[in-house]
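Undergrad: Residues or ranges marked as domain 'Obg' in Swiss-Prot (evidence: sequence analysis): 1-159. Annotation source Swiss-Prot lists region 'Disordered' at 128-147. Residues or ranges marked as domain 'OBG-type G' by Swiss-Prot: 160-334. Per Swiss-Prot, GTP binding site is recorded for 166-173, 191-195, 213-216, 284-287, 315-317, and the stated evidence type is sequence analysis. The Mg(2+) binding site annotation in Swiss-Prot covers 173, 193 and is backed by sequence analysis.
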């Protein structure tokens, strides 16, 4: 099973051109002196964030990206042409690390954000620069500097407002397809979703939010079981988590409470800050529960789970309860938007060292997650 959110690429900046050791030779100018030009600079490699790109799939196949070398200098004070820069377009939310040093180079959080990832080499100096009062005909010149060469690890973190959390087959894909424009693959078996699906939920004119259908979790995900960390990392930038629970599993031996506790346990083992994020409980598949049993089954689940936060009862298949949930999410996001942006800014300031671009344990007891 492939999870298209990681790629490894090599970026190679261009070498600088060599300087020229040349003498001016013209009729009637017997001692023309040096006229060797400088070499051109090597091309650099930049990355730029593009909100119209959703995956890193292109970089799983195109793994080497090279900028052009600078041209050598020539006589008659001719400077070499600089190598052309290249720009790699990547999704907003991509994190770029140097694989050799572990340095965090960039976290692309804004559309059109531009970051230098490999700097081209400087051009060499021609002998024109070495002329002095004691050396009128210098033969010295310098070679161009090599461009930077790096192995980069690209990692995509979904920049969504809301993340869907739950066991495989909890109905997350059905829910996101019913409330948004996303069209994820849906089937009656676990692990239908192998890559995150993003959907834009439109509440009204100018009112919308992004929801991420993250692949289902299994117990042991924090240690890498199933698709492991690849699931959990996508939830780190969301402002709100929806914990979807299948209230009517096909297998009667499955206990929804035990599954819900397992999910929360994995969340806490992976990242305490992720566990502390605002989280709402969404009880799904009510259409599969007889009407005369619904109230009792919901009450029993909440009591056994020890949940005191917001609860929503829905059927993603029929749409029952989805509209009220969507409006509640939108109202919450509007109310807490400033706090979420501040959290992202603080996170960015703590761990990102941008390079300048020219111009540019156990079974947890639940708490009231909606009070954040």
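From the backbone N, Cα and C atoms, a Cβ is placed for every residue, glycine too.
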Undergrad: I'd like the per-state residue tally for the region 'Disordered' (128-147) from DSSP, helix first, then strand, then coil.
TA: 3 helix, 0 strand, 17 coil
Undergrad: Mind looking up the mean pLDDT for the domain 'OBG-type G' (160-334) in the predicted model?
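TA: Taking every residue in the domain 'OBG-type G' (160-334) and averaging pLDDT yields 75.
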Undergrad: In whole Å, how far is residue 166 (GTP binding site) from residue 173 (Mg(2+) binding site) when you measure between their Cα atoms?
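TA: Each residue's Cα considered, residue 173 (Mg(2+) binding site) and residue 166 (GTP binding site) end up 11 Å apart.
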Undergrad: Let me know how many other Cβ atoms fall within 10 Å of the Cβ of residue 173 (Mg(2+) binding site).
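TA: Residue 173 (Mg(2+) binding site): 23 neighbouring Cβ atoms within 10 Å.
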Undergrad: Pick from 172, 285: which of these binding-site residues has the biggest number of other Cβ atoms within 10 Å of its Cβ?
TA: 172
Undergrad: So, three-state DSSP: helix, strand or coil for residue 315 (GTP binding site)?
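TA: Going by the DSSP assignment, residue 315 (GTP binding site) falls within a strand, counted as strand.
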Undergrad: Just to be sure I understand the packing, how many Cβ atoms besides its own are within 10 Å of the Cβ of residue 169 (GTP binding site)?
TA: 20
Undergrad: Near residue 315 (GTP binding site), which residues of its own chain have a C-beta under 8 A away, given they sit six or more steps off in sequence?
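TA: Long-range Cβ contacts: 284, 285, 286, 287, 321, 322.
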Undergrad: Within 10 Å of the Cβ of residue 166 (GTP binding site), how many other Cβ atoms can be counted across all chains shown?
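TA: Result for residue 166 (GTP binding site): 24 other Cβ atoms within 10 Å.
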Undergrad: Using DSSP and three states only, what is residue 285 (GTP binding site)?
TA: coil
Undergrad: According to DSSP, does residue 169 (GTP binding site) sit in a helix, a strand, or coil?
TA: coil
